[in-house]
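Copied over from TrEMBL:
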DOMAIN    1-132  domain 'EamA'
TRANSMEM  29-49  transmembrane segment
TRANSMEM  61-80  transmembrane segment
TRANSMEM  92-110  transmembrane segment
TRANSMEM  116-134  transmembrane segment
DOMAIN    152-284  domain 'EamA'
TRANSMEM  180-201  transmembrane segment
TRANSMEM  213-233  transmembrane segment
TRANSMEM  239-262  transmembrane segment
TRANSMEM  269-285  transmembrane segment
Amino acid sequence: MWIILAFITAVCEAAKDGLCKKSLQSMDVFTIAWVWKVFSLPFILPLIFFTPIPEYLPPEFWTALLVGGGLNILATVLYIRAISTSDLSITLPLLSFTPAFLLFTSPLLVGDIPTPLGYVGVLFIVGGSYLLGVGREATLLSPLRALVSDPGARLMLMVALIWSVAANMDKIGVMATSPFFWAVCIQSFISLGLTVVLFCMRGRLRGKMQANLTPLLLIGLVTGVGFVCQMAAIKIGLVPYVIAIKRTSIVLGVLIGGIYFLEKDMKTRVTATLVMLAGVMLIAMS
């Protein structure tokens, strides 16, 4: 069951990436980051009526909420900035490093220990990331230069690392309460935090929100559905495995970048994405 939920999350992730990229053509980075989380609340908050409210919230819940919420606020802003400065086909594949990082963070934070096959998948992910820059320079180190020099790639790698910790906070929060209750709490916390950040840095909401209301509502819808499915999945599955399946959204995202946004050098980037996806699937199968 958790595999189905994780795949639904993947489809929602790909749709959200394309919608955010499209909206960035008329709105600024911080507004889109705010919309991403806040517009999902109308689709998540009603869940509170379908889940029991705990009489007691243990200390680990509050720790997970504060740490996970803070990390997600930071990652959300960095994520939107990454896809606004670089192609989707360059930035999204680097999210494959999240399950790779989880191979190390999950055993430490929540005790989810993958099998040896999962660690083999890391080699495929690193190998695929090296292919990202081959189309521009035909040297052995060119992919490494792409990761280091491309601003969007660098930011997305930071996001992958942050989310490898935040995903474990979700596991702690879900186990301390329930998937629906945690989804409402963490998404509300992130939305409030992003609202403060946005008004401190911008003073007011910028961008043509009224003219772009339909795609913004769609961003909220797919984010809400995907997030709830992810929380339900990590309740019954290992965190690295759930996030690995979730990252199959990368292939869809790269295809969206090539077909809809006409991003170039797609042959090399799709090849790199498939190699990285093979690593993700090895992790999942382990």
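Glycine residues also receive a Cβ, built from the backbone N, Cα and C atoms like all the rest.
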Three-state composition of the domain 'EamA' (1-132), taking helix and strand from DSSP: 108 helix, 0 strand, 24 coil
Secondary structure composition of the domain 'EamA' (152-284) [DSSP: H/G/I, E/B, coil]: 111 helix, 0 strand, 22 coil
